[in-house]
Amino acid sequence: MGEAEILSYRRCRLRFLVGLLLLCTTREVSSSIHEYHNEAFIPHSDGFFFHGGSEGLYSSKVHDSSSTSPDKPLQGKSFIRFEDVTFVRTKEAASKQNEMQQNTGLIEAIIFEVKDRERIGGAFLKTNAICCHPALAQTGSCTLGEVIIQKDQDNQEWPKRIQTSFAGKNEEVVMKPDTVEINTTGMYYLYFMFCNPELKGTLIKGRTVWKNPNGYLPGKMTPLMTFYGIMSLAYLALGLIWFLRFVQFWKDVIQLHYHITAVIALGMCEMAVWYFEYANFNSTGSRPMGVTLWAVTFRTVKKTLSRLLLLVVSMGYGVVRPTLGGITSRVLLLGLIYFIASEALELVEHLGNINDLSKKTELFLVLPVAFLDSCFIVWIFSSLSKTLEKLQMRRNMAKLDLYRKFTNSLAVSVLLSIAWIGFELYFNATDPLSELWQVAWIIPAFWTLLAYSLLVVICVLWAPSRNPTRYAYLEETGEDFDEEGISLTSTVDIAAKLERKGLGEDLEEDKRE
């Protein structure tokens with residue numbers, strides 16, 4: 001066979017395997033205990049397959065074969081364990097068999113690392129077949145009726161093949177309990193496959209347990225547990241500093257400070273709940289719906305209030321205007337719609353399986369959140385522009401400098417967000433099979449760090465102090481966004497308050513402006 005034909009075979013084989021793996025990745029489960037409830041096998045090429053799971057697994061820390069018995073805990077080991085896996089074929093398929101025949105239908109469980117995906121199938125035999133047919137069997141390259149596997153020269157046990165056969169006319173067969181130890185760090189895939197077309201319609205039930213050396217948390221999620229623990233302490237530290245400042249100058253706090261306090265408290269709760277949820281997942285192998293629901297809800301509420309905080313600060317609330325006036329209802333409506341859309345997306349991502357949905361349904365969930373985020377950004381910068389213009393016209397340099405710093409920080413965060421979205425798209429496009437699973441955690445971690453950084457900036461700029469006039473609202477010229485229905489405090493009342501605080505000179509200066 002010519003070199004061009006060989007290259008053609010390899011390209012076709014690679015496209016098939018990548019397509020198969022991409023199809024399988026749409027069945028990710030939300031726990032390290034992968035349960036199968038009468039699932040059907042999918043026909044592909046000349047065989048049938050069922051994707052049993054895929055996870056990033058770290059290599060075992062200990063390699064003591066004596067501890068692999070079922071009655072001993074596998075501490076420090078990474079493994080995939082088969083528990084009560086049962087195959088059920090149709091009555092029609094069973095009736096066609098000879099009841100005296102020992103093997104009347106073969107099903108294979110195949111485990112391999114994603115980098116060895118080309119070893120599954122006949123690429124090395126210059127064929128596109130998955131299953132061994134008579135012509136290939138006659139050459140001695142494979143066994144008739146089995147999936148073609150090219151063994152690793154350095155480790156003849158991998159890719160791993162575990163065979164289970166129906167006997168006679170039995171409709172069910174239970175797979176022998178087995179534990180496969182993982183001694184090499186990598187992204188592992190599990191397929192259940194058969195080549196016999198008479199087994200079409202066969203179902204699978206049971207479960208497999210996947211475990212890393214330090215617990216059941218999937219390798220891709222393991223660093224996030226540590227990250228959420230660190231962020232919990234970071235929010236705690238920020239909350240403590242803010243609380244001390246709040247108590248120290250409690251007589252001079254404004255309404256905006258209460259909003260900032262609420263966001264800090266929600267962030268603290270969110271990080272703590274996520275850490276607890278991941279720690280529980282790591283110890284049990286499953287994600288309780290109640291805990292996950294609380295974590296998702298805390299995240300959504302915090303995201304919504306954080307965006308609302310940025311918006312009202314940009315509008316000058318508590319600084320150049322005492323209330324939001326007629327636009328309050330619009331602000332609250334945008335926040336409510338964002339909360340509902342974001343909560344729906346988060347629930348599907350963490351409690352359900354978004355990949356089980358159609359692409360149209362995915363867009364239905366993702367696009368509204370993206371559109372609402374865009375609305376927030378446009379409204380925030382539009383409001384900032386008006387606020388800066390107002391402060392510049394009044395020549396209030398202290399507040400103008402404050403808002404310029406805030407605008408610069410916000411602009412930097414938007415640029416970083418755009419750059420990170422581009423990186424995230426590139427990362428996902430170039431790593432469709434999760435081969436870079438060990439660094440994938442940095443993508444969600446970035447957004448958490450960015451939100452925390454913006455909150456710190458707001459806390460620094462609007463920290464309670466002995467001089468609240470640096471940022472607090474003072475009626476200055478009486479033209480405080482009248483077009484948006486803002487109610488203003490009377491000049492007489494403010495003058496009385498400022499006299500009591502010894503700030504009458506500031507009022508006279510504001511009047512001259």
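Positions of Cβ are set from backbone N, Cα and C atoms, glycine also.
Feature annotation from TrEMBL assigns domain 'GOST seven transmembrane' to 223-468.
Per TrEMBL, signal peptide is recorded for 1-31.
TrEMBL lists 225-244 (among others) with the feature transmembrane segment. Proximity of distant same-chain residues to the transmembrane segment (225-244), defined by a Cβ-Cβ separation under 8 Å and at least 6 residues beyond the stretch ends, is recorded for 217, 260-261, 264-265, 267-268, 271-272, 274-275, 278-279, 282, 441, 445, 448-449, 452, 455-456, 459, 463.
Marked as transmembrane segment by TrEMBL: 256-276 (among others).
Residues annotated as transmembrane segment in TrEMBL: 327-345 (among others).
Long-range contacts of the transmembrane segment (365-385) within the same chain, counting only residues at least 6 positions beyond its ends with a Cβ under 8 Å from a Cβ of the stretch, are 307, 310-311, 314-316, 334, 337-338, 341-342, 344-345, 348, 354, 403, 406-407, 410, 414. Feature annotation from TrEMBL assigns transmembrane segment to 365-385 (among others).
Taken from TrEMBL, the feature transmembrane segment applies to 406-427 (among others).
Annotated transmembrane segment per TrEMBL: 439-463 (among others), in sequence order.
When each of the listed stretches 327-345, 406-427, 439-463 is scored by C-beta pairs under 8 angstroms to the transmembrane segment (256-276), 439-463 comes out highest. Long-range contacts of the transmembrane segment (327-345) within its own chain (CB-CB distance under 8 A, at least 6 residues past either end) are made by residues 296-297, 300-301, 303-305, 307-308, 311-312, 315, 365-366, 368-369, 372-373, 375-376, 379, 484-485. A Cβ distance under 8 Å defines the sequence-distant neighbours of the transmembrane segment (439-463), meaning residues of its chain 6+ beyond its ends; these are 220-224, 227, 231, 234-235, 238, 241-242, 245, 256-257, 260, 263-264, 267, 271, 303, 306, 309-310, 313, 402, 405-406, 409-410, 413, 416-417, 420, 424, 427, 431, 471.
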